[in-house]
Amino acid sequence: MHALCRDCLSQIAPARRCPHCGSPRIKAHEELFSLSIAHMDCDAFYASVEKRDNPELADKPVVIGGGKRGVVSTACYVARIRGVRSAMPMFQVMKLCPDAVVIKPRMQAYAEVSRQVRAMMDELTPDVEPLSLDEAFMDLGGTQRLHGAPPAVMLARLVKRMKDEIGITGSIGLSHNKFLAKVASDLDKPRGYSVIGKAETSTFLQDKPVRLIWGIGPAAQASLEKAGIRTFADLLRWDRRDLSTRFGSTGERLWHLARGEDRRRVSANAPMKSISNETTFFEDTASTEVLDGHLWRLAEKVSDRAKAKQQAGRVVTLKLKRADHTALTRRLSLRDATQMADVIYRTARDLLDQVGNQGPYRLLGCGISDLVPETQADITGDLLDPLATQRAKAERATDSIRERFGADAIRKGRALR
Amino acid sequence: MKISIERGTLLKAVSQAQSVVERRNTIPILANVLIEAEGEHVQFRATDLDIEVVDKAIAQVERAGATTVAATTLHEIVRKLPDGALVSLTADAATGRLTVEAGRSNFSLATLPREDFPVMASSEYQSNFSSPAGMLRRLFDKSKFAISTEETRYYLNGVYMHVADGDEGKALRCVATDGHRLARIDADLPAGAADMPGVIVPRKTVGELRKLLDDDEMEIAVSVSETKVRFATPDITLTSKVIDGTFPDYTRVIPQGNTRRLEVDAKEFAQAVDRVATVSSERSRAVKLQLDEDRLVLSVNAPDSGAAEEELAVAYSDERLEIGFNAKYLLEIANQVDRENAVFMFNSSGDPTLMREGSDQSAVYVVMPMRV
């Protein structure tokens, strides 16, 4: 049996306390030093950043979210003890926890912290696959000689550094594939460190519900339940062919996951599939003028991101959510892939006009997908819209001004609506 | 109803009808063809509510009557019958079946009542004229490649047929464009067509019409109203709604001031474009044209898959020019040239390029360049 002190990082024999520093935070596991696929998940990320930046909040229930009737995006652990959950409407938060400190998200600050964490992960391995601002997969296979320590030690060191140098905490899941690593990181949050070894994989999974699988939401759960599948044990009873007949490609995946098998690689640059932005309004709106202003700003954001990533999309999507949360999406394939805000906006605007007045809406989103490198984008002009070329030139010029003098240096009047 | 008809005659009539029928139908009767027998003729009528085709054939009518039956099934049966067979169609009102008999083959098909079959309302046509099939064939064949499939600009999903001022007086003109290329084809204005309203003939109608135009000598009776267009031969009548929209002012799109002139053998050019484009696997294959004194170099550079280059002897005497095009667009317009050389008129690498067939002014093509 191997063991590791998560505070002084010494490799020790299993004990209740570390013989070197006396810490009780010991992780012991048979396969501790042979596993190399990890999932790191920051603990209540947005709330942790807020608490770090304002120490007065340390012992208060902090909730990140916003808007008149917004929902919780992150709740700190103090708030979670009181029953606050993410995606909970604000009024309910106030009922459960009247002294909650509600903070509007400061995405820029979070992105900055995320970059610092990412830099630390990049020091461990080139194979870092971020899932969002606050979580990422890492494959530390083959790095032991480079670091002079097994992956398990380097991961403990990563979360220690995150706490000491950045001031936020994270939980580690260590296993032999991505699926199990992600499951593990969630096992004893916050400041967790969980290991699922090859040997105990099947006993571990046996009585767990299938909703543990990423991508199995309420709808998939319901259809699995119809087939009598609730737990991994239920899944194991199914024949491989029957599963794929009944559930298609998901069935094939389920068959493997039931056996704790997941062959997906940790890939540093998993190809992006789409770029999109959306906004929830402070108040529901049906006004075309208001929607139009938002649509332009969203198109501009999508375009900025596409340009930064040197990508362009062939398909433009418009997304609307009505007051009763029913969603509407419309998409259109362009003949020429684009990364231009002007084209994205105009296409999305056409789609919005096609939808007609079905509002009021609470949310508007737009995005591009079917991505191609920017060299293949916006290459043919439109005979019937000769001004498009000029608008494209104007947009490029605007971009270079914004690059030099900041994003707000020049704006379209439309953006102010 | 009971008729006997020669298999070849029947096949021709039924295949014209069944091609109008949409493959996926939510209204069952629209999958059927209406068969009406009277006197010495049998009529086959099919519709998708936008287009209606009526095909008349000579048959031996033993008992007049009418019924409707699945168009594709009937077509498949007739197609598989041996050549020269005599086919008899018998509708039995009591069982609601249509019996198809030929030699020792016997089929019994489900029918739907003729009363349910939607017949397109007849309308007043403002203009009626007659035109040789060959002329209409040229107008539509040379323009249809440029029809757009974009649903947002639905008014481009057809060929704009109208009366225009051509180079030699009034002309019957067909224009199609998808915003990347444009075709403008003129023909002599037939007598009686001067008052014709301009109409956008939908893509599907253009396809169906083409089947009426194989015989050069055939005179086609054309009738046009603001909302409908009709093309008729003695046997077949094709009626179609037109696209309800305004075709954009295409005249602004046709460049007037392009001065750099390239003349090239159209066939050689098309083959060379096709060859060099082979190495590119991208969806929009870009071909670069480098023009220099009587020399054209066509090249494709696809970083992922390879590169290709081919040189052609051409007539070109203007300054050096490099310009890129989508290979498919270039091929399609080069393929429109029948006999003559292709004459390209360029401006700059960012401006639309014009193409003509030799000195022929009656067909003009415009293609938008691509950034390479």
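The backbone N, Cα and C atoms fix where each Cβ goes, and this holds for glycine too.
Note: TrEMBL annotation is automatic and uncurated.
As recorded in TrEMBL:
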- A:37-217: domain 'UmuC' (DOMAIN)
- A:Asp41, A:Asp134: Mg(2+) binding site (BINDING)
- A:Tyr46: site 'Substrate discrimination' (SITE)
- A:Glu135: active site (ACT_SITE)
Pop the Cα-Cα gap between A:Glu135 (active site) and A:Asp41 (Mg(2+) binding site) into the table, whole Å please.
4
Using DSSP, would you call A:Tyr46 (site 'Substrate discrimination') helix, strand or coil?
helix
Residues near A:Asp134 (Mg(2+) binding site) in space but at least six apart in sequence (CB under 8 A):
A:Asp41, A:Cys42, A:Phe45, A:Tyr46, A:Tyr110, A:Ser114, A:Val117
Using DSSP with the three-state reduction, classify A:Asp41 (Mg(2+) binding site) as helix, strand or coil.
strand
Including all protein chains displayed, how many Cβ atoms other than that of A:Tyr46 (site 'Substrate discrimination') lie within 10 Å of its Cβ?
26
In sequence order, which residues at least six apart in the same chain have a CB under 8 Å from the CB of the residue listed as 'active site'?
A:His39, A:Met40, A:Asp41, A:Cys42, A:Ser185
By a simple count, how many Cβ atoms lie within 10 Å of the Cβ of A:Asp41 (Mg(2+) binding site), its own Cβ left out?
22
Going by DSSP, give the three-state secondary structure for A:Asp134 (Mg(2+) binding site).
coil
